[in-house]
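Asker: A single structure is presented below for examination.
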Amino acid sequence: MAMVNMSSSSCAFLRPLNQSTNLPISFHYSKPSSSFVKTKTTTIKTFSCKLKSHTSCQTKLTNQENPNIKLSSSSETQLYSINPLPLLIFAALPGAGTVKSLFGPFVELVQSWNLPGWLVHWGHPGNMAVVLFAMGGYGTYLGFRIRFSDDMDEKAMAKDLHPKLLAGMFFFFALGATGGVTALLTSDKPIFESPHAVTGLIGLSLLTIQTILPSLFEGNPSLRNVHGILGSSIMTLFVVHAALGLQLGLSF
């Protein structure tokens, strides 16, 4: 009788050596021991753990052997805000002291009138708001009508009134600045140390350029577009200027 042992790792079948003998063939199966199965399972788990640890160890060794290699990291986006406050360097210039000395007698005169506090405090903002929205707003509207209106009579009226209104706005803004300085000095406040003062100086400078541009239209017609864009930008700037003035007025 031939005997064959079968295990988990191998299995063999033997044919009888002499088929004519018709001898029965028996197979004996040998069940693997539990210790063998546990050993195999433990070996597989150990191999898996070693494979994972090998990957992490390889990464560590790569960093140690090549310290110049930097692993990729998520990039950070930093947003930097632009603050107009550095422009307040004007306050450190000698001009602030000069303006105070020039306005000194007028400030004393205003204080001697014993005007109501609310009038001194809010007189300048009220007047400038009327000039900005009445003269400046309507003057800007007429400027657009000059460009886009098909009515010749309306265009002629706008061309006559538009420069007068904007010239008046420039004059009253420049004159009103003295009222703002007076209001600040009567309250013992600095005159050039606020964003409201900075935007006012920039706005008056741009208005000066805007006033000069129409005299150059004949030689360079393309400046009409520059005049329109600059005018709209100046009006936007003065709206911001008004908001900063309201904030300044509420601060003291």
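Every residue, even glycine, has its Cβ placed from backbone N, Cα and C.
Look at TrEMBL and you will find 85-106, 126-144, 165-185, 197-217, 229-250 tagged as transmembrane segment.
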Asker: Which sequence-distant residues neighbour the transmembrane segment (165-185)? Criterion: at least 6 residues beyond either end, Cβ under 8 Å.
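Answerer: Those are 99-100, 103-104, 106-107, 110, 120-121, 123-124, 127-128, 131-132, 135-136, 138-139, 142-143, 191, 197, 200, 203-204, 207-208, 210-211, 231, 238, 245, in sequence order.
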Asker: Hey, which bits of the same chain come close to the transmembrane segment (197-217), Cβ under 8 Å, at least six residues off its ends?
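Answerer: Answer is 84, 87-88, 90, 163, 166-167, 169-170, 173-174, 177, 180, 191, 223-224, 226-227, 230-231, 233-234, 237-238, 240-241, 244.
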Asker: Near the transmembrane segment (126-144), which residues from the same chain, at least 6 beyond its ends, have a CB less than 8 A from one of its CBs?
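Answerer: Counting only partners 6 or more residues beyond its ends, the transmembrane segment (126-144) has Cβ contacts under 8 Å with 158, 161-162, 165-166, 168-169, 172-173, 176, 179-180, 228, 231-232, 235, 238-239, 242, 245.
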